[in-house]
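Peer 1: Dumping what TrEMBL says about this protein:
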{"type": "DOMAIN", "residues": "A:6-35", "note": "domain 'Flagellar basal body rod protein N-terminal'"}
{"type": "DOMAIN", "residues": "A:88-154", "note": "domain 'Flagellar hook protein FlgE/F/G-like D1'"}
{"type": "DOMAIN", "residues": "A:195-239", "note": "domain 'Flagellar basal-body/hook protein C-terminal'"}
Amino acid sequence: MGDFSYIAISRQSGLMKEMSLVANNMANSDTVGYKRQGAIFAEHIAAIGSTNQSGSPEHSLSMGHLAAHSPDFGAGSMRPTGGSLDIAIEGEGFFMVNVDGQTQLTRAGNFMTDAEGRLINVDGNAVLDSAEGEIQIPIDAGEIFIAEDGSISANGVELGRIGVATADPQTLSRQGNNNYVAREGFAPSEFTLVRQGYLEDSNVDPMTEISRMIEVQRYYDAGQKIFDMEDDRIKQVISTIRQIS
Amino acid sequence: MNALKIAATGMAAQQTRVDVISNNIANMSTTAYQPRVAEFADLIYQQHLTPGTVTSQTGTIAPAGVQIGMGVRPSTVSIEVVQGPLSATGGDLDLAIEGKGFFQIDLPSGETAYTRDGKFYQDAEGLIVNSDGYALSDNITIPSDARSISISLDGEVTAFFDNAAEGQQIGTITMTVFSNPKGLEALGGNLFRETSASGNPIVSEPGTEGVGTMRQGFLEDSGVDVVEEISELIEAQRGYELNSKIISAVDEMYAATTRIR
């Protein structure tokens, strides 16, 4: 197989991966607090053949491959639910949840209380306050009111305060279950506002995803055409050689 | 073959949502029905290039990496704990709860079930039972010679007899609250059962904080908001279509792949 094929294959498999990203965005178009992903292609240079005296390759091959995803942390629209423990973050920041002893970040604010009255998310992980401690809401607390600064109160008694952390979105690693791990740490934020009775919808825009989908499909088709053309070229070379000999 | 499977999880999720919506709409006239909501979470990510991977000898790292999600799953179908509108029926044994509480019902199996459906009857012995004939756990028997029954906001049941102006207290209907009513298990027949997620039932006197009060002569209507459900339905249908578009697009890509010479 010639160099050409490697270039085309890396491009085509990158496009397949991008299609998976589009499919994942689309599948999560109704996931609470989901943030869409884009894809970035980069040039990948590989050395081929012999090297010269200084050790650098005499020939190199440039390939385009899928190098990174570009997370889009734009806000999703706010959906009023009326749930007293449904909370949405306005602006940047994340809720903190304790997953097996590790603090993970999430924008999904569909919380509830468990049998012991702890504030938890839908997977049963404790929601943390700004000091990364658990939040306790007594069962007989009555009507729960969550202020914009995250403080939870019932009948004028403050029960705790939901912590909001900020982290560089570029350093977040996706874990599934709406959670992220902040590789380079996060810092508690004092200025982020939360809204009780709202959930943040997914920020996937179907229009953008469909047009990306069509784009990827067309590029892929174009890539296949190049394979065909290369095939024709090789065929012609072979038949020419045969005629000469 | 990822994209195909991912889109399939998307279609399955929307299907679940439609199932939940149709059950809500079917129960739009069920007494004290609490609507259910399907919520989703993304599935695990395949780490093709973990963010933070070192990319050079000088210690530069890949800022974002390549993480490809595997689709979506329904994370919960939770009970939306809402107060349905009350409608006046005038029935002596029609009770509506204004607040977070539940009535307790003795199941034939001996277990206790919980309900907000306050449509009660009396059986041949005068015992207060629900529409399936299961007794209210408070075990209140209405004397056959009682002229009328009055139930106060805090659940006290008083019977009035022919000649007496003063009534006679024959029992108290208690209520139960749960720390997490979203964690209750639905049994059908408007009944719920406690689970380890809902927490232990806390029996309380009606009228105390957080439990709510009892309204005689009213029933709680279904909490389903039909307009909201219909718009959700349209959204779910569009979501389904979008995911099916991915399937046909990927299909065409694979068709092109198999044509490679």
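Glycine residues also receive a Cβ, built from the backbone N, Cα and C atoms like all the rest.
In TrEMBL, annotation is done automatically, which means it is predicted and not curated.
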Peer 1: Below 8 angstroms Cβ to Cβ, which residues of this chain, lying six or more residues outside the domain 'Flagellar basal-body/hook protein C-terminal' (A:195-239), approach it?
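Peer 2: Distal contacts: 2, 4-5, 8, 11-12, 15-16, 18-19, 22, 25-26, 28-36, 72-84, 86-90, 107-110, 145-146, 148.
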Peer 1: Any idea what the model's mean pLDDT is for the domain 'Flagellar basal-body/hook protein C-terminal' (A:195-239)?
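Peer 2: Mean pLDDT for the domain 'Flagellar basal-body/hook protein C-terminal' (A:195-239): 91.
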Peer 1: Could you tell me how many residues in the domain 'Flagellar basal body rod protein N-terminal' (A:6-35) are helical, how many are strand and how many are coil under DSSP?
Peer 2: 22 helix, 0 strand, 8 coil
Peer 1: Mind tallying the domain 'Flagellar basal-body/hook protein C-terminal' (A:195-239) by DSSP state, helix then strand then coil?
Peer 2: 34 helix, 5 strand, 6 coil
